[in-house]
């Protein structure tokens, strides 16, 4: 494959084979003019980017070809200027909030499944499908949404996701009669489509908006919103919707919950319109700057997927992430049924146990993100958290039927700290292993694996619980978490994005002053070492 070269307008293209620097970058005596100062035919201006390299090119290839001084990407003035925007925190906060709203709508039926079974007169399996439809719709829609993310950008995907989330919430308003179960299914399916526009975005937002020492923290904050929505979904429905046989009273309380979530979803859609921008004025990190330069408008998504699946480390991560997240989805969907079977009439406490799992998991996610930004120990942290997820699941399984709710709260919280805290770790580890491939594609494939295993685990564990009890159902999950922990040990820590960031001589971040309309900066030529 022929590698295109980038030339500085006033520097000759030749390089020292040892250092990879141009002659102009070597120190010369002050009394003699440098080669770059002599007029030569090579000093005529050339286009900033002569061709678009394949997105599969390793960043070290780009480093050997020359420093980046100008970008052909519209909206990015100078790829050599590395700054972070003040708007980045508003962007990730708004995303986190509408992700929270969508996650609430996923679990709001499962957290009081027995009450909705009574209201609509349907089976437990039908209520389970209101949760599993979130997993099912993700699988066929991943590639179209990944294409849309690359073609139209973050803002378009954010607007579509928040709009669908809002629409689904309002459709559910028409399902407040016992015979209108199909309407609530329609509203839930619309919300599940919105989820496809949400789940793959945390790592993309972190990479596009945040600096090299903030990406893991930002990703964990973005995932934090989704987990907070699940937590609220466990806590609020049992409080707002009491277990009563009076259908009119039940419809009234369900309507209150639906109207609240509809109003919140509408407000968040408006905030997305106001706050969300496509990307900052300048790339926030050297890795992102190189990613812009490597991006090709003619990139094939099929070839990108093929490259990803040729990456053995990433394939192992896809499987292990799916096993862990799938177990979490199954536990969340079936938690109410498991707790009620051992502690009848404790719907509210079942919701509080779910809340404890997710709140402790959010704490684990934030701590993991901060730790990764400081230590960069992706493989070691992922493996330890995975093993502790297995240990927590085993302890939860052995203590669920002891007859003491306070023990269940403690063991469930410990399990959630590691199991839910693992989710942002997987996203960030995937980006490191697959850079400079699209973050949306790598995250999307992780989520597809999670949805597939989530459906399999939810159906299988539900049938095991119905026929044999809760302990065999939880042991079923323990077996697969053991498999996941073993496979994680074989993943090699090929941290490509970290290597690209280390090529920058000065990693200090600068806050971008958005109000400045004109900045006069001399182009910066950055010499890079071969990875």
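Using N, Cα and C of the backbone, Cβ positions are placed for all residues, glycine too.
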| task | Identify the transmembrane segment range according to TrEMBL, selecting from 38-64, 119-145, 281-307. | result | 119-145
| query | Which is it, of 256-276, 508-528, that TrEMBL names as transmembrane segment? | reply | 256-276
| task | Give the one range among 89-107, 119-145, 152-171, 312-331, 383-399 whose Cβ atoms make the most pairs under 8 Å with those of the transmembrane segment (183-203). | result | 152-171
| Out of 215-236, 312-331, 383-399, which stretch has the largest tally of CB pairs under 8 angstroms to the transmembrane segment (445-465)? | 312-331
| message | At a C-beta cut-off of under 8 Å, are there same-chain residues at least 6 beyond the transmembrane segment (89-107) that contact it? List them, or none. | response | 131, 134, 158, 161-162, 165, 168-169, 188, 191-192, 194-195, 198, 201-202, 205-206, 209-210, 218, 221-222, 224-230, 232-234, 236, 261, 264-265, 268-269, 271-272, 275-277, 332-333, 354
| query | What stretch, picked from 215-236, 256-276, 351-371, 383-399, 405-425, has the most CB pairs under 8 A with the transmembrane segment (312-331)? | reply | 405-425
| remark: Listed stretches 119-145, 256-276, 405-425, 471-491 vs the transmembrane segment (152-171), most Cβ pairs under 8 Å: range 256-276
| query | Across the domain 'Major facilitator superfamily (MFS) profile' (91-496), what is the average pLDDT of the model, as a whole number? | reply | 85
